[in-house]
Amino acid sequence: QNCQCDTTIYCCSQHGYCGNSYDYCGPGCQAGPCWDPCEGDGTLTVSDIVTQEFWDGIASQAAANCPGKSFYTRSNFLEAVSAYPGFGTKCTDEDRKREIAAYFAHVTHETGHLCYIEERDGHANNYCQESQQYPCNPNKEYFGRGPMQLSWNYNYIDAGKELHFDGLNDPDIVGRDPIISFKTSLWFWIRKGVQYVILDPNQGFGATIRIINGGQECDGHNTAQMMARVGYYQEYCAQLGVSPGNNLPC
């Protein structure tokens, strides 16, 4: 779905429909007068916050023979970020730092400090939820790949439409092309409303876990995994010199 409306007046929702309510202008809004959950105008850029030193501090904790060593690089990340100018650039400088700390907390947890490109034992899981709108290619697998471990056929298809790759027939590209791989993590972050909840002063890091893996980790299901994410978030907030805010667990 792509919005065919006047985006000077209407918001284009994450599902490609036009309107002016929270459902259209809130989390995942693609174009138009999208609602910002916060106010303020910082000046820091993503590359100001994600220094090479910050990057190396994460990547250096993974083994030297990790498949992600030459795949997950700061330059590849920054190239992907240029396709999503709204990432890490909203609200105050403190908000920007918190958003980036949250993003890398999840990336560190999902990839083992930028080590794994593909989900370990991913072949053992079936990530096909077939429908008329979202078919599956029986010869392909839709397990986790990339910094945010993109999973499920419908996410591959939707990300592919926005990022111009064939998510149905070539999901493997997310494990092959580092720029596309990073872009899928940013697609998920923004389109699924993760960015919105970390910037919303009434929510917080716990709400980001709920979107990314809430069914597996929140409400007492896997507290150790959930608290590992919280720990990384607190660590990166401390490195960036910003308070982590409230509502950290889920």
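Every residue, even glycine, has its Cβ placed from backbone N, Cα and C.
GLU110 (active site, proton donor): 20 other CB atoms within 10 A of its CB, across all protein chains. Reduced to three states, the DSSP call for GLU110 (active site, proton donor) is helix. The active site, proton donor annotation in Swiss-Prot covers GLU110 and is backed by similarity to another entry.
The disulfide bond annotation in Swiss-Prot covers CYS3-CYS12 (among others). All protein chains shown were included, and the count of other CB atoms within 10 Å of the CB of CYS12 (disulfide bond) stands at 23.
Per Swiss-Prot, disulfide bond is recorded for CYS5-CYS18 (among others), and the stated evidence type is sequence analysis. When Cβ atoms from all protein chains are considered, those within 10 Å of CYS5 (disulfide bond) total 15, not counting its own.
The feature disulfide bond is assigned by Swiss-Prot to CYS11-CYS25 (among others), with sequence analysis given as support. Cβ neighbours within 10 Å of CYS25 (disulfide bond), excluding its own Cβ and spanning all shown chains: 19. Following the DSSP three-state reduction, the secondary structure of CYS25 (disulfide bond) is helix.
Taken from Swiss-Prot, the feature disulfide bond applies to CYS29-CYS34 (among others), supported by sequence analysis. In the structure as shown, the Cβ atom of CYS29 (disulfide bond) sits within 10 Å of 23 other Cβ atoms.
A C-beta separation below 8 Å, combined with a sequence spacing of at least six in one chain, links CYS115 (disulfide bond) to ALA62, ALA63, CYS66, PRO67, GLY68, LYS69. Residues or ranges marked as disulfide bond by Swiss-Prot: CYS66-CYS115 (among others).
Residues annotated as disulfide bond in Swiss-Prot: CYS128-CYS136 (among others). In three-state terms derived from DSSP, CYS128 (disulfide bond) belongs to neither a helical nor a strand segment and is classed as coil. Listed in sequence order, the residues of the same chain lying 6 or more apart from CYS128 (disulfide bond) and placing their CB within less than 8 Å of its CB are CYS136, TYR142, TRP152, ASN153.
CYS250 (disulfide bond): 23 other CB atoms within 10 A of its CB, across all protein chains. The disulfide bond annotation in Swiss-Prot covers CYS218-CYS250 (among others) and rests on experimental evidence.
The average per-residue pLDDT of the prediction over the domain 'Chitin-binding type-1' (1-36) is 83, rounded to a whole number. What Swiss-Prot lists as domain 'Chitin-binding type-1' is 1-36, and the listing cites sequence analysis.
The annotation pyrrolidone carboxylic acid is assigned in Swiss-Prot to GLN1 on the grounds of experimental evidence.
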Distant-in-sequence Cβ neighbours of CYS3 (disulfide bond), under 8 Å, six or more positions away: TYR10, CYS12, SER13, GLY16, TYR17, CYS18, GLN30, ALA31, GLY32
Residue among the disulfide-bonded residues CYS18, CYS136 whose Cβ has the most other Cβ atoms within 10 Å: CYS136
Number of other Cβ atoms within 10 Å of the Cβ of CYS34 (disulfide bond) across all protein chains: 18
CYS11 (disulfide bond): tally of other CB atoms within 10 A of its CB: 25
Helix, strand and coil totals (DSSP H, G, I; E, B; other) for the domain 'Chitin-binding type-1' (1-36): 4 helix, 5 strand, 27 coil
